[in-house]
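**Q** What TrEMBL records for this protein is below:
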type   : residues : note
DOMAIN : 26-117   : domain 'Ig-like'
DOMAIN : 125-212  : domain 'Ig-like'
DOMAIN : 230-315  : domain 'Ig-like'
DOMAIN : 320-404  : domain 'Ig-like'
DOMAIN : 410-497  : domain 'Ig-like'
DOMAIN : 502-592  : domain 'Ig-like'
DOMAIN : 603-701  : domain 'Fibronectin type-III'
DOMAIN : 706-803  : domain 'Fibronectin type-III'
DOMAIN : 808-904  : domain 'Fibronectin type-III'
DOMAIN : 906-1000 : domain 'Fibronectin type-III'
REGION : 886-914  : region 'Disordered'
Amino acid sequence: THSPPATAKRVEVVIKVCVSGHDSGPVFEEQPSSLIYPEGLSEGEVVLSCQARASPAASYRWLVNGTEVPLGLDLRFTLVAGNLVISRPESGRDTGSYQCLAINRCGTIISRAANLKFGYLHDFPPDSRSPQTAYEGIGTFLACQPPPHYPALSYRWLLNEFPNFIKKDDGRWFVSQVTGNLYLAKAEPNDTGNYFCFTTINMDISTKSTFSKANQLTVLPEANPKKSAPSIKVRFPAETYALAGHTAQLECFAYGNPVPKLRWKKVDGLMPSKAGSSVAGPTLILPDLSFDDEGVYECEAHNSEGVDVYQGRISVQAQPDWLQVMSDSEVEISSELQWSCVAAGKPRPSIRWLRNGQPLTTQDRVEVNAARLKISNLALEDSGMYQCVAENKHGTIYSTAELRVQVQAPDFRLNPVRKLIPAARGGQVMIECRPRAAPKPSLFWSRGTELLTNSSRVTVTPDGILWITNISRADEGKYTCFAENYLGKANSTGHLSVRDATKITLAPSNADINQGENVTLQCHASHDPTMDLTFTWALNGALLDLEDSTGPYHRIEGKETTGDLLIVNAQLSQAGTYTCAAQTVVDSASVTAKLVVRGPPGPPGGLLVRNVAETSVELRWSRGYDNHSPIGNYVIMGRSSLSSKWKQMRTEPVNIEGNAESAHVIGLVPWMDYEFQVIASNILGSGEPSMPSHTIRTQQLAPSVAPSGLGGGGGDRNELIITWTPMAREYQNGDSFGYILAFRKKDTSSWTEVRIPFVESSRYVYYNATLMPYSPFEVKIKAVNRRGEGPFSQIAVVHSAEEEPTVGPLSINVTALTAFEIQVSWEPVLQPNTNGILRGYEIRYWRQHEREAAADRVRTAGLETTARVSGLRPSTRYHVAVLAYNSAGTGPPSPRSTVTTKKPPPNRPPGNVSWRTDGSWVIVRWDQVKAMHNESAVLGYKVLYKHEGQTVLKVLDREKTSVNLPLPKDNGYVVLEVRSWAEGGDGPAHEIIVSRDSGTGMMVQNKAIVSSHSLHLVICMFLFTIVSAR
């Protein structure tokens, strides 16, 4: 073989050391996530992501269950960028915990674990299910018995056929998402059918559903279904563990007849508002859990027959969460490193440490003490990637940082001594010497050729800082810092330039103002004229922004040596010590002044509620700042759970003096949640309120008022219905609230009492087969709670249900008024026969060839014995009957009567209508209307005269076919209607609009014929006459 020529030779240098300032260790940008893959999907692939930022770029390895993934040996595993791709995944060999390692020459890091699991849902067994029988009114359930599956299922039930799903909003049914069982609170005959349990599994890339064989349910009817108190059959666990930030769901469902209502409460506190409407349903849903949601929760099922309750606790736990993590560090060789990691979680997380992906334990120079890592006498091999791992049973989190151990000869290139170092005469100067070097170099200073040592004015600190005090012109010159360690030496030089000192010539004065006033603080200074002078102001050490034109602080423009400050509309927060600083690049001078701002008091503190009674509490507080004006008095504000608005409370004493630190709040509502605030006042106004007190609930007390709105009546036969207005929350005074209802038949002595245990009840139905219709009862009601009974209400008289009247009118008389209207009159029905209060009468009418069942009906609104019925057909024979009615319905009909409506009037308006104005009159003429054989004869004509809201009707006999009518005196107009009238009613009308200047006009059918004596009259006619026909 021949060697290549020398010119073609290439030198390859492989760098295996992490280069400071150039390289960086890996940092994850994307880590693998746990995945559920469908079992049996053999042609697919699983992708577990892993990407890291690094320089040079990272390489990747993968572990499964702590063992290296055989990349390159098993062709099912491939690496794409950093992602692991598993082809044709199988449950038996690929299930496990996967971690990614990202590696470069600076170190190695390991990712969080991602669990690959396989999801499956087998089919239900093919065996038929045993039929079930239930009795009407009794609760029952159908078992789902789901097939083997992973992960958890969601459940629904089908009735008879797809997609007829059981509705969630039907309170009789409940599908448990824990067991999948279908529960029925109270069976009804129409519930008979075939029921199918429908299960669904949701995986990351697919969804699968299957349903069971039919569960046949037969409900046997009962003549009188038995009523039963609630019995809770679906119970949530006695102890439920849930994760913070996740959602907790508790299930509760009860059998009972009537169907029980459900309500939830938190036994040891207020129900979180996040529960929303679920507090009244079978599943309590608490999203985004926090530790405040921990506690005992109670499900109460209630109906008219009783109550059942069940309790269980929610314990909130949490995944680890970082409170403090380490950060990348560059540390000198031979020095010491200390890192700490702090994580929150429940249970408390344990902490372990990794270096380049390997566990780190206490040995030699390394000390691992739970959350603290200490490495002494650092060496180059300690450089690398470190990870802190916090874990509990709910999860694991990683924090990553890079450690670089530095070794270097002294080098001033990145941080030389300042070339020009200005300083003020009489002041002091600090000159830093900070070369890069590892280990730490020895440092010393020289001025020219003179080595500087510590003296009365010159100090060289151990870390190389040179201090010179009481500077004079003689100190000007060149200063050089020398640095040396075992790797080499270096030096850097700067020039010290001495300038005139800055001095305050006019200092601000202390000031005392009221809130809202303006004040100016003066500040003038002298300085070295070769340098710029700037002024800054600080309040209690915090620099003020003088550039914000909308703020309270403004610089007063003037000479360079003037820096006055204007404070506009001063507030309490602007009181304090103001510092004016005059600065040049070499020195500064400052002076302070105090500003006192007097204003309303600050908020009182430490508000406590003590001695909580039924209607009063004691408040204690500590005085807040008086803001330089003595506190005159206090006001107590409060609000209850019924209102978000704060209002002033009644107190003892009524006026709370300014030196007081306690008071009693009186006039509170028992068993009510309250919170309080205290507001202090002085002569300058009222201050901010204190922080609200914690919420308290006043003690319970027996009700003090009776329910209102007592009444009732109506209902079905043999019923007495009593109604009232449910008691508002502020009148209940305690829990276990209900009502005691007392009633007796009027003019009897003994009362019947009924206890009603629900606050929302507003109605009670008493049934007695011997109850006479519309019997008067005296009723009264009172409220009751755990502490006792309240007073009875005033007695109200309520009647039992009415029944239909037993008799109808004895005789009726019917007269045809027109072709379209009849008048009906009848003899009244006597009240004793009405079984209640007679509301009026119902007129039924139907044509001769129709059945009575199809009759039209008209009701009177009172006890009149005459009524008109309109809208009838002309020349038609009608049957008419009258019935009495009350709130229960109608009684028997009267004897029927028969009537024939009159012929209709002519359906044509008068023809050839003409008119003529004559001064203040208008003369209207028309042709007679002739009736046809099927129309009623014309009896005359009606002229309707309308002007400015006034209406006058003139009725003329049939021989008269003209009329004279007055015109308005002004230039207004009149509307005239002319129509015929007959026995059958009024015919259609012609409408004419006439003004004083309209001249003459004529109307034939639908056309107007106008004759006039001059062109002027023709124009007037067109301008002022409007003709229309109806």
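Yeah, the Cβs are placed from backbone N, Cα and C, and that goes for glycine too.
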**Q** For the region 'Disordered' (886-914), give me same-chain residues lying six or more residues beyond its boundaries with a C-beta closer than 8 angstroms to one of its C-beta atoms, as numbers and ranges.
**A** 713-714, 717, 773, 801-822, 826, 829, 833-839, 842, 844, 848, 872-880, 924-932, 934-936, 938, 941, 961, 978-990, 992, 1000-1005, 1029-1030
**Q** Relative to the domain 'Fibronectin type-III' (706-803), which of 125-212, 230-315, 410-497, 502-592 accounts for the most Cβ pairs at distances under 8 Å?
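**A** When the Cβ pairs under 8 Å are tallied, 230-315 comes out ahead.
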**Q** Cβ pairs under 8 Å only, please: of the recorded stretches 125-212, 230-315, 502-592, which one is richest in them relative to the domain 'Ig-like' (26-117)?
**A** 125-212
**Q** By DSSP, what is the split of the domain 'Fibronectin type-III' (906-1000) into helix, strand and coil residues?
**A** 0 helix, 56 strand, 39 coil
**Q** Please count the residues of the domain 'Fibronectin type-III' (603-701) that DSSP assigns to helix (H, G, I), strand (E, B) and coil.
**A** 0 helix, 46 strand, 53 coil
